[in-house]
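K.L.:
Sharing a structure with you now.
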Amino acid sequence: MRTLEDSSGTVLHRLIQEQLRYGNLTETRTLLAIQQQALRGGAGAGGTGSPQAPMEIMAPEDSQVLQQATRQEPQGQEHQGTETHLAENGLYRLCPQPGKGEELPTYEEAKAHSQYYASQQAGPWPHVGDRDPRGPPGGSRRQDEALRELRHGHVRSLSERLLQLSLERNGARTPSHMSASHSFPQLARNQQGPPARGAPTAEGPEPRGPPPQYPHVMLAHETTSAVTDPRYRARGSPHFQHAEVRILQAQVPPVFLPQQQQQYQYLQQPQERHPPPHLAALSPPGVEGPASTQASLATSGSTHLAQMETVLRENARLQRDNERLQRELESTAEKAGRIEKLESEIQRLSEAHESLTRASSKREALEKTMRNKMDSEMRRLQDFNRDLRERLESANRRLASKTQEAQAGSQDMVAKLLAQSYEQQQEQEKLEREMALLRGAIEDQRRRAELLEQALSNAQGRAARAEEELRKKQAYVEKVERLQQALGQLQAACEKREQLELRLRTRLEQELKALRAQQRQAGTPGGGGGSGGTPELSALRLSEQLREKEEQVLALEADMTKWEQKYLEERAMRQFAMDAAATAAAQRDTTLIRHSPQPSPSSSFNEGLLTGGHRHQEMESRLKVLHAQILEKDAVIKVLQQRSRKDPGKVTPGSLRPAKSVPSIFVAAAAGTQGWQGHSSSERQVDASAQLAADRAPLEEPVAVAPLAAHAKHGSRDGSTQTDGPPDSLEPDSLLGCSSGQRTASLDSIATSRVQDFSDMVEILI
C-alpha cells in the first residue's frame, strides 16, 4: 500500500514539473489540486506524509512558476493574469500572443490541409509573381504572427501552419478546389474568388502578398535584436527558451537567409520580362519584367522548391513525433486517471475501516456495560428469590396452623346452622298461610278499584266533552264578534267610497256640461274667424286628451281596488280552510291524549281486568279521529263549492267592479259561518281582514281628493260612477283630427294591456 502511494506521488510530481514547464495554467492548477488531495489523504491515513515534500523536489524556476500559478487572480481579470504570467517567460516575449478571437483548426483539419498541400506541390509555384511592394516589414510581421501561433501549437504541427499560410496567399488561384470540398468547411470559408480576367479596376494593379514565410525561419537581424533587447536579457538564457524554438533555430540552413534577402529585393525591382502563363493571368495587362528578373526568379524558385522539400520532410518527421507524443500523453493521462481512481478507492477503504473500528469499539463498550448491568440484575433477582422462598415457607406454616383451627370451629358452626334452618322452615310455613289470606283480600280490593276507575273515566269523559263544547261556543262567539267588527269596517269603507264616487260623479257631470257649453260657443264663430280659432281648437283637443288619460287612470285604479278586494276575500277563504284543518288536527291530538290510558297507583293490581275497557276507549278515539277528518274534508269541499259559485260571476278584464260590494261580503260571511261549525276560531284571519279593510279606506281617499279635470261619464247600471260601455265622444272627428285619433288608440291599447297584466298577476296570486 505504501509503495503504491509513493509511486503515484512520484508520477504526480513529474507531471506537475512537466506541466509547469510546457503546459498551460489551468492544467497546472488541476494537477496541483490532485496532488494536494493525495497528500491530504496520505497524511490522514498514515500521518507520515508531508505536503511540503514535493515542493522541495521542484526546481527553483518551477517553484517560482508554481507560486504564480497558485495565486488567485481577481474576478473579471483571468485573461489579464494569464497574459502577465506568459509575458514573464522569455519564450513568450519572443512569440507575441495571437488575437483572442482567432479560431484554431482541429487535428483532423490540419491533417487534411497537409494532404491537400502535398497534392498541390507538383504544379507551378505561384508565389514568385505575387509580391507585395511593402518590402521586408510585411515579412517580419508575418513571422511574428507565425511565432504567435507557435505558442498555441502544442497540438498543431508545423504542416498546419505552413498550409494555412500558403492557402491564405494562394487562395485566389484555386477557388474551385476549395469550394468543392464539403469535408473541410474551414477551407471554403477562408477563400475568396479572383477578379475576372481582362477587367481592370480603377485602383490599378492588385497588390499581392510576399512568398510564404515559415514559422521555423527567424532572420538574423531579428534574432540579434531579440537577444540584444534589454527586456530579454534577464531571461535570455537557453534554460528559459522553449525546446521547439531551439530545434528550429538549429535547423535553419545558412543559405536560406541570403535567399530571403534576395526575395525582399525582388519586391522592389520592376517586372521587365513576361511571367509564366499562370502568373500572367494574375498580373495586370501591360506590365512586363526584364530577362534578368526572370532568370533570378527561376533560380530562386528552384532553390525555394528544394528548401520546401526539406521542410516537408522535416514536417512529416515532426508530425510522426507529434502523433507518438500524443499517444504517450493519452496513455499517461489514462494511467494518471487510474492512479487517481485507485487513490480515491484507497481513501474510501481507509475511511470505511476507520468507521468500522469506531463502531466495533462502541459496540464492545456497550456490550461491556450491558454485561455489567445484567450481572447486577441477576444478583438482585437471586436475593429477591431467596427472600420470596423464606416468605413462602413461613406462609405455608401459618396456613397449616389456621386450617387446623378452622376445621375445629366449622363443626360447631354446622350444628348451629342446622338448628337455625329448622326454625326458619317453621316460620316460612306460617308466613305462607298468612299470604294466602292476604291474596283473597287483595282480589276483593282490586274489583272495587276497577269499578271506581270506570266511574271516574266516565265522569272525566263527560267533563272533557263539556269543556270542548264550551270552547267551541266561545270560539264561535269570538268569531262572530270579530266578523261583525270587520263587516262594520267594510260597510263604513264602502259607504265612504260611494260618497266619494257620488261627489266625483257630480263634479264630473258639471265639468262635462261646462265643456259642452264651451264647445257650442267655440263652434258658432267658426265660419268667420278660422285663423283665430286654431289655437283654441288645439287647446280643446289637448284638454280632451288629458281628460281621457285621467279617466283611464281612474278606471285602472278602480280595477286595482276591485282586484285587491277579491284577493282579500280569496285569502280569507283559504286561511279559513287552513285554520279548519289545523283545528281538526289539534282536536284529534287532544282526543288521543285524553283518552290514552293513564297509569294509576293501583294499576299493578288491575292490569288484566282493564284490557277490555282500554280497547273500547281506543275504538271510541279512532271513531272521533275519523269524524274529525270527515269534518275537515267537508270544510274543504264547501270552500271549493263557494269558489266555483263565484267563478261564473267574474267580471271581464276590461269591465269595472260594481260599486257596492256589501252582498259579496255577506255571502262570504254566510259561507264562513257554515264552514266554521265544529271547528276552532282563527284569530289571524280576523285580524288580517280587519287590518286590510282599515287600510283600504286611506287608499281610496287620495283618489277622490286629487285635483282632477272634467271627465265625461256614461250611463251607469246601479247609480255608481263606474260603467261598462265605451265613453261617448265629446267632440266630432273633424275637431280631433288624425293625430288625436291615433293617440287615443295607442292610449287605449296601453291601458288594456296594463289591465290584462294586472289581472294575470292577480290570478297568479290566487
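Each Cβ is built from the backbone N, Cα and C atoms, and glycine gets one as well.
Annotations for this protein, taken from Swiss-Prot, read as follows:
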- 303-575: coiled coil (COILED)
- 524-533: compositional bias 'Gly residues' (COMPBIAS)
- LYS341: ubiquitin cross-link (CROSSLNK)
- LYS402: ubiquitin cross-link (CROSSLNK)
- SER746: phosphoserine (MOD_RES)
- SER749: phosphoserine (MOD_RES)
- 64-103: region 'Disordered' (REGION)
- 101-301: region 'Required for interaction with CDH5' (REGION)
- 121-144: region 'Disordered' (REGION)
- 171-213: region 'Disordered' (REGION)
- 221-301: region 'Required for interaction with CDH1' (REGION)
- 262-302: region 'Disordered' (REGION)
- 516-537: region 'Disordered' (REGION)
- 676-743: region 'Disordered' (REGION)
- 763-766: motif 'PDZ-binding' (MOTIF)
K.L.:
Give me the long-range Cβ neighbours of LYS341 (ubiquitin cross-link): same chain, 6+ apart, Cβ under 8 Å, in sequence order.
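P.N.:
Sequence-distant Cβ neighbours: none.
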K.L.:
So what's the average pLDDT for the region 'Required for interaction with CDH5' (101-301)?
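P.N.:
The average pLDDT of the model in the region 'Required for interaction with CDH5' (101-301) works out to 47.
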K.L.:
Within 10 Å of the Cβ of LYS402 (ubiquitin cross-link), how many other Cβ atoms can be counted across all chains shown?
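P.N.:
A count of 10.
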